[in-house]
Amino acid sequence: MPPEWISSPEEFRSFILQAHSESVNALRMGTGGSGIHVGIADSAATLSDETIDTTTVVSDCGGSFIDLDEPITNPHAKHVFRQLKHYAPFIDVSFYQVIDDNGDLGVEAYHDAIDAAMDDEVDLLNLSLGDPWDVPRYAHPLYKKTQSAIEAGITIVAAAGHEKPGHDSKPPVHVPAVVDGVIAVNGFVSHCPESKDTVHDSEGTGPYYLEHEQDVDHWVPDGVYCGYNGCSGQSCIGRQTEENWPRNPRPSNGKPDVAAPVVFPVCENDVFEFKSGSSYAAPVVTGVLASAFGDILDEGGEIPTPTQAREIITSTASPLRDGDCGVVDGFAAHQRFKERYTSVEPSQHTG
């Protein structure tokens with residue numbers, strides 16, 4: 001449910017995305033990823049022009065790597081792309097379709113897509129997919145191929161994975177997120193101590209809350225969630241409670257590396273719903289990196305290596321209560337990248 005002053009599902013969606021940008025200190029900065037080539041390996045070979053909007057599709061790159069003549073097998077890729085675009089609206093993008101109509105990821109499709117991404121020389125690759133493979137992780141058929149992309153200079157951001165409903169134990173961080181050099185992304189949520197019955201009718205204030213209609217095991221529980229816009233005129237700082245998403249996987253191989261908002265709001269045909277999962281946390285980090293990389297290029301610098309990018313994203317993260325890693329800090333990361341990889345003095349934070 002939205003604050004009282006919100007008049008439409010689309011306005012509610014924008015309100016939540018803005019809150020999430022605030023939660024990771026990543027209001028749109030700089031060039032918005034201009035000049036950066038981002039690959040998305042997911043359920044789509046292409047998306048509609050309306051969805052693409054301000055980004056540019058690299059027409060001779062990407063494509064479908066499954067045996068199915070459908071440009072999109074399910075909406076997952078569209079949601080992932082929209083999440084990424086919120087943080088880096090002016091990227092060049094290529095889509096690598098590896099998820100079939102059953103939601104399955106094939107080894108051959110993945111290998112072919114990684115080879116194509118290397119040939120296409122993408123700068124960043126978002127992988128909101130994975131397999132909860134336990135030790136030995138190096139034996140997984142996706143492991144070495146993912147390493148080859150890292151060695152080729154592609155910075156890979158991957159969803160850490162999630163607990164499966166009905167299972168007795170948490171799985172480890174999934175492959176490919178667990179691969180050395182990949183940036184593995186967990187999820188987090190921001191609770192608000194206010195009651196859902198509190199009315200906020202002043203524009204730009206108040207939390208939002210989830211109230212599921214059916215008594216089922218939802219991935220994000222009912223509750224009041226911070227809108228990062230002040231409650232009844234009070235600052236949110238010190239009041240909201242950022243917490244580890246309860247369905248995050250157990251740590252493995254020194255991962256996860258960083259956490260990002262796990263909830264993604266969807267508005268289709270004026271109908272509103274919440275999606276959740278590290279699939280939607282990963283593109284937040286990809287977007288933060290694309291934005292920083294774009295500014296580096298714009299100022300005559302060189303894009304950092306995957307190892308350098310991972311080090312900055314993890315070292316600038318802010319603490320998360322009971323978390324296995326910190327929360328990505330978009331502004332702090334942006335500043336650190338500029339300090340190290342351009343000759344331009346970083347600006348003072350005004351957000």
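Any Cβ shown, glycine's included, is placed from N, Cα and C.
Automated prediction, rather than curation, is the source of TrEMBL annotations.
Positions annotated as active site, charge relay system by TrEMBL: D42, H76, S279. The domain 'Peptidase S8/S53' annotation in TrEMBL covers 84-320.
Per-residue confidence over the domain 'Peptidase S8/S53' (84-320) averages 87 (mean pLDDT, predicted model). The Cβ of D42 (active site, charge relay system) lies under 8 Å from the Cβ of H76, A77, V80, F95, Y96, Q97, V98, I99, N126, S128, L129, each of which sits 6+ residues away along the same chain.
With the fewest other Cβ atoms inside 10 Å of its Cβ, the least crowded of the active-site residues H76, S279 in this structure is H76.
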